[in-house]
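Report on the following structure.
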Amino acid sequence: MSAPPQINWVPILAARAQNDRDATKLYAAALSGLIAVFITFHTSTYLWRKTGLAQGPFSYSASLNFGFFFVKVDDSILALDYVLAARAGWLAVANLCLTVFLSLKNTPLGFLTGWTYDRLNSLHRASGLMTSALVVTHAAMISAFYQDQQPSRLYETKQYFGILAAFTMFSTVAVALMFQHRRYELFYVLHVILFIALVVFICLHHPDITQKVMIVIFIAAGLWILDRLVRATSLLYHGINNTATLQPLPSGGTRAIMKKSPSGARSGQHAYLWVPGVRYFETHPFTIVSTQPLEFVIDAHDGFTRALHEYAVKNPGVALKASVHGPYGHMPDPTAYDKIVIFAGGSGGTFGFGMALQLLRDLDAAVHRDITVVWVIRNRDLLEWFSPYLESIARAQGFNISINITGRTELSEKVASDQAASTSKRAVSEDRVEMADSPGQSDAFQQDLILGIPAHHGRPNIDEIVAQILEGMSANSRVLVLGCGPAGLLQAFEQFGWSSRDFKPRVLASMEGIHLRRRFALVISFLCELGGEGLARDAMVGAQA
């Protein structure tokens, strides 16, 4: 009896690998097509409004991965579970490269689509989770196959590195879930270390460069390194003869005034601040309040912000060597809207007043301005943080400011003396008026005039405020709503859009939330079609420090 013919596995495995590479190329081509779609829609505001583009990337990504999981699958010789396990691994590598691309601070998509890294961050997280899911699929299926067919393969050195790579990937996700919102500095350091380890372990898992896995990983690592070099170069360039003058503010605030400003900086954007005299190896994002000169108002939490405030308290007025890289953030054209509403919570006033100052510069007197600023604070100490901007904006034509104080504290002696001094310039009343349940106020009980600006005690009712603004607007009028503050403020925006029965919102773009250093920024573009399809909205987010 003759022996069964020996199967030459080399060409079979090579064909399987080629199928995986072809499928990955198709996946990359599809992603390139998605980017092209972004660019095309960015050039046409009309098409942007008429399509559900912002919902597309999430569903498109999931559909692509599911579809390409079964594209060009040949199980005529190799077992189907082995072929699909290998396919999951290749898609995981491709998604890892995409995840790195979406994390770049200096992303080319910022120039091509208007979406800077802060708006892409949600896609970065979604892509990272997709990569993790594919890693789980790959590890489970390939382990089951080897355990059943070739147990000895599980003990190869490169398989150990595959296990380490999977463990590192899961650790990256776990660190993000546990520390990103609680201990951002710890999260950031661990995120970088784990990414570097992941790249090394994947290369050791597939050390044969002819398999081309290492080539994709080298591309991802190269993008990451290039982005770091660009940021380092920006820091060095903007650090030439540059300093930050630190001024302590009450309730843990710090004002940092830069000697030099990066070109193109606009109030309401954010930049990464580097003060080596406080923390040498750390840069942190903060909102630009003013650009003449470049100014940050920073709330002390922990880590760098706490160290910066303590340094300013001990050395008020000190000028330290500093630099920035940025600016980042993209805002819609204000002239395209009939009304603009800005909500700010606490130290989120850096974004709110920064945007108001930029609007004051962008919209000249010839343009009809209808801009409302609603600021919610717990105590009056924060008034000193933004008093110069409050006065400038309050005097501007077409601007309305409302201050909402949630804490029931009495007027401080400092604020009282400031108001008394200001009476020589303009009449300022300090009368308290008992208030009933007025529109736009929940549990409101009294009202002050601070520097001539209405100051309500109690939390504002965002639903009622936005509803009042939209009331009486003609069909196709447009309202831009901007907001920055604690998580509750962002949730109030979301709840308004979903629960308002009067306007029946039709969602054109998904809501995106970016949580950096305990604050949110949200931009919602309302398209008011009172005579037609209801209320559509387009959401954009800018990260705040």
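We number each residue from 1, going along the chain as drawn.
Each residue, glycine too, has its Cβ placed from N, Cα and C.
A TrEMBL annotation is a machine prediction, not a hand-curated record.
The following features are taken from TrEMBL:
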type	residues	note
DOMAIN	222-334	domain 'FAD-binding FR-type'
REGION	414-441	region 'Disordered'
TRANSMEM	26-48	transmembrane segment
TRANSMEM	82-104	transmembrane segment
TRANSMEM	125-147	transmembrane segment
TRANSMEM	159-179	transmembrane segment
TRANSMEM	186-207	transmembrane segment
TRANSMEM	213-230	transmembrane segment
Same chain, outside the transmembrane segment (82-104) by at least 6, Cβ under 8 Å from its Cβ: which residues? 16-17, 19-21, 23-24, 27-28, 31, 65, 68-70, 73-75, 117, 120-121, 123-124, 127-128, 130-131, 134-135, 137-138, 141-142, 145, 149, 198, 202, 213, 216-217, 219-221, 223-224, 227
Which residues of the chain, 6 or more past the ends of the transmembrane segment (159-179), have a CB below 8 A from one of its CBs? 125, 128-129, 131-132, 135-136, 139, 146, 153, 186-187, 190-191, 194-195, 197-198, 201-202, 204-205
I need to check the long-range neighbours of the transmembrane segment (125-147): which residues 6 or more away from its ends have a CB within less than 8 Å of a CB in the stretch? 57-58, 61-62, 65, 79, 81-82, 84-86, 88-89, 91-92, 95-96, 98-99, 102, 153-154, 159, 162-163, 165-166, 169-170, 172-173, 176
Could you tell me the mean pLDDT over the domain 'FAD-binding FR-type' (222-334), as a whole number? 89
